[in-house]
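Here it is, the structure in full.
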Amino acid sequence: MKFLFASLLLTTASLAAPAVQAGAALDDIKSGDALVCLVSPNAPGFSVPDSQGVFQGFNADFCRMAAAAVLGDAAKADIRGVGFSDSMKTLVARGGHLASRSITATGTRDADAGMAFIATTFFDGQGFMVPAALGVSAAADLQGATVCAEDGSTTLLTLADWFADRGMSYRVENIADKTARLEAFFSGKCDVYASDVTALNSDRMLAANPDDYVILPDVISAEPLTLVSQPDQELESAVFWAFQVMLNADKFGITSGTIDDVIADLDSQPQEVARLFAADGAGADMAAKLGLPADWAYQVVKQVGSYSEVFDRHLGMNSPFKLDRTKTLNASVEEGGLMYPYPIR
Amino acid sequence: MWKSRRLAPLGQAFRTPLSALLSLATLALCLPLLWVALHWLVLSAVWPWQPAALCQSQTGTCWPFVAEKLNLILFGTYPREELWRPVVTSVLLCAMTVQTGLQMTGRGLPLRLGQTALLWLLALGLSFALMAGGVLGLAPVDSIRWNGLPILLLLSVGAIALAFPAGIVLALARDQDRVPMLARLAAGYIEIARGVPMLTFLFVGIFVLPLMLPPDTRISPVAATLVALIVFHAAYFAEDIRGGLHALPAGQAEAAHALGLPYATTAGRVLLPQAIRRALPSIVNSVIGAYKDTSLVVVVGIHDLTATARMAFSDPEWRSFALEGYFVVGLWFFVTCAFLSMVGRQLHRHSPAR
């Protein structure tokens with residue numbers, strides 16, 4: 001998800017970055033009639049190829065969102081699975097237009113030329129999973145624990161900082177391969193398994209008996225997982241506002257299933273909804289200025305869905321992971337989360 | 001005592017009390033393992049025609065997973081409507097490898113060296129063209145979608161086929177004394193390539209090579225990796241062949257010199273044919289090593305068989321079948337390496353005496 005040498009590569013990449021030209025990426029997408037979108041090759045729930053070799057998942061759907069907004073057809077997203085370090089390079093070298101692969105937005109990354117953070121699609125944070133039998137209820141009890149974590153990841157840095165800040169001792173068991181790492185934890189080689197909370201939730205399901213393991217309430221890092229694109233004002237705006245359309249759809253309870261009914265009877269809808277979807281509304285106005293199809297907002301909701309719809313499809317109640325979105329930071333503001341729909345007018 | 005030849009090993013195993021004891025002890029060790037394997041593969045396995053839901057309750061192999069994901073493991077994210085292209089590529093490269101292997105043991109089509117080399121160049125060129133598209137009306141497919149078996153074969157077979165001639169040139173350059181500078185350069189190159197881990201070469205190929213190219217030229221990760229593999233394996237082949245050259249009696253070169261043969265003829269007609277024949281066992285050894293090492297390309301983001309197997313069991317619906325995924329990959333490597341070492345054994349038996 002986020003390897004140490006990424007920063008090094010980003011530096012290398014920025015040296016090679018060609019001069020930025022506004023609108024070039026968007027023009028390139030339109031002239032090629034395809035939006036090249038980079039995802040992680042195997043992140044369960046986020047982006048994994050299905051049996052037909054087509055990427056499916058939460059992150060993959062934001063590729064489709066961008067393609068629906070810019071080209072009017074979600075199927076025109078050319079979704080490619082590339083490794084983390086490689087995706088930055090490919091993006092900068094103009095091989096990809098967009099990266100939707102759980103990249104944590106950080107200051108130094110944003111300061112690098114050659115790529116732009118657009119919109120945070122998922123708020124995550126690092127946490128701990130322990131066997132229920134250990135009887136630990138908070139991370140503060142983990143003095144002297146053996147922690148299983150991914151070799152070479154920022155997880156290790158966060159762990160080191162956290163334990164050092166509290167003057168606690170710990171031992172770390174670095175295992176690069178995920179299957180082996182989980183096996184080490186489930187077989188009792190480590191007391192604690194450290195990873196992002198979402199990953200912990202899905203990994204817990206792989207235990208023979210998931211109820212034997214609990215996820216501690218402590219979240220020890222901030223991981224705003226954000227869409228990244230080539231620097232291009234118009235493309236960034238298009239993708240950012242397409243994401244806002246998905247959040248707004250949730251605000252008004254519109255889904256891909258109900259959008260056609262909404263459109264059919266716009267007069268009875270709230271003003272904000274009418275502005276979003278009407279042919280003479282703010283949405284269409286934006287489309288003209290950004291050079292998008294006039295019905296871009298409709299296409300995003302129709303072909304991809306609202307934010308909660310996408311979440312539930314791949315991570316939430318309609319998926320094997322059964323994550324309750326309303327209990328995460330990804331709940332809407334009204335539900336106490338961080339997802340705040342910007343107004344489109 | 002044992003009349004039948006087939007039973008002869010059995011007779012040896014129980015000839016003395018000690019060997020009988022050892023045989024029984026070995027059996028006692030192996031039988032439980034065999035039993036576990038049989039149990040996992042057959043007895044408690046879920047067969048492809050049974051519903052996949054059974055896999056949750058059974059402890060054996062989940063064959064429905066393999067059936068569902070076989071295309072993904074073999075060909076990854078290559079567009080499904082173009083699937084015939086990686087299939088043809090894989091079959092072509094396998095056929096060429098089998099032909100060359102059998103030819104070396106004297107059983108394949110009897111082709112001359114030049115014909116074999118030409119055929120290999122054609123096969124590799126055709127494979128790349130098929131996979132990449134953009135010619136002959138084929139839709140272009142980005143190299144990031146060349147996954148699984150065809151990319152493993154392209155990189156391993158391609159690297160070996162191209163590194164071998166490079167190794168010959170390097171070995172000759174190192175093993176001559178007319179241009180000492182060239183000999184030293186070759187020696188330096190070989191020692192550096194053999195003194196550095198392959199991973200370093202892969203990283204250099206992927207991250208440094210593109211920086212050394214003129215700006216605005218893009219080299220695909222597959223091409224960069226192929227270059228890195230060729231550069232690396234050429235050094236090993238060079239040393240194998242140099243060993244063969246050293247094993248030749250000095251009289252061979254001297255006789256050719258005395259006959260007034262120019263250097264190229266001496267090397268091409270007298271020294272190399274004998275040296276390569278002598279070096280064949282160690283060359284086969286290097287080939288097997290190079291083939292297996294190719295799966296390391298997964299660390300530079302190329303999705304070979306191991307990576308596609310991981311994709312297969314990363315699917316949220318099929319997450320608990322890592323063992324089955326790795327089993328398919330292991331089986332492929334076992335079968336192919338068995339073929340390569342079969343070729344190696346045959347060469348051991350027949351070759352050096354000639």
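Using N, Cα and C of the backbone, Cβ positions are placed for all residues, glycine too.
Unlike curated records, TrEMBL annotations are generated automatically.
According to TrEMBL, the protein carries these features:
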TRANSMEM  B:21-42  transmembrane segment
TRANSMEM  B:83-105  transmembrane segment
TRANSMEM  B:117-139  transmembrane segment
DOMAIN    B:149-344  domain 'ABC transmembrane type-1'
TRANSMEM  B:151-172  transmembrane segment
TRANSMEM  B:192-213  transmembrane segment
TRANSMEM  B:219-238  transmembrane segment
TRANSMEM  B:325-344  transmembrane segment
Counting only residues 6 or more past its boundaries, what in the same chain has a CB within less than 8 Å of a CB in the transmembrane segment (B:192-213)?
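219, 221, 224-225, 227-229, 231-232, 234-236, 239, 293, 296-297, 299-301.
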Can you find at least 3 Cβ pairs under 8 Å between the transmembrane segment (B:83-105) and the transmembrane segment (B:151-172), where each pair is 6 or more residues apart in sequence?
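Contact between the transmembrane segment (B:83-105) and the transmembrane segment (B:151-172): present.
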Give the one range among B:21-42, B:117-139, B:219-238, B:325-344 whose Cβ atoms make the most pairs under 8 Å with those of the transmembrane segment (B:151-172).
B:219-238
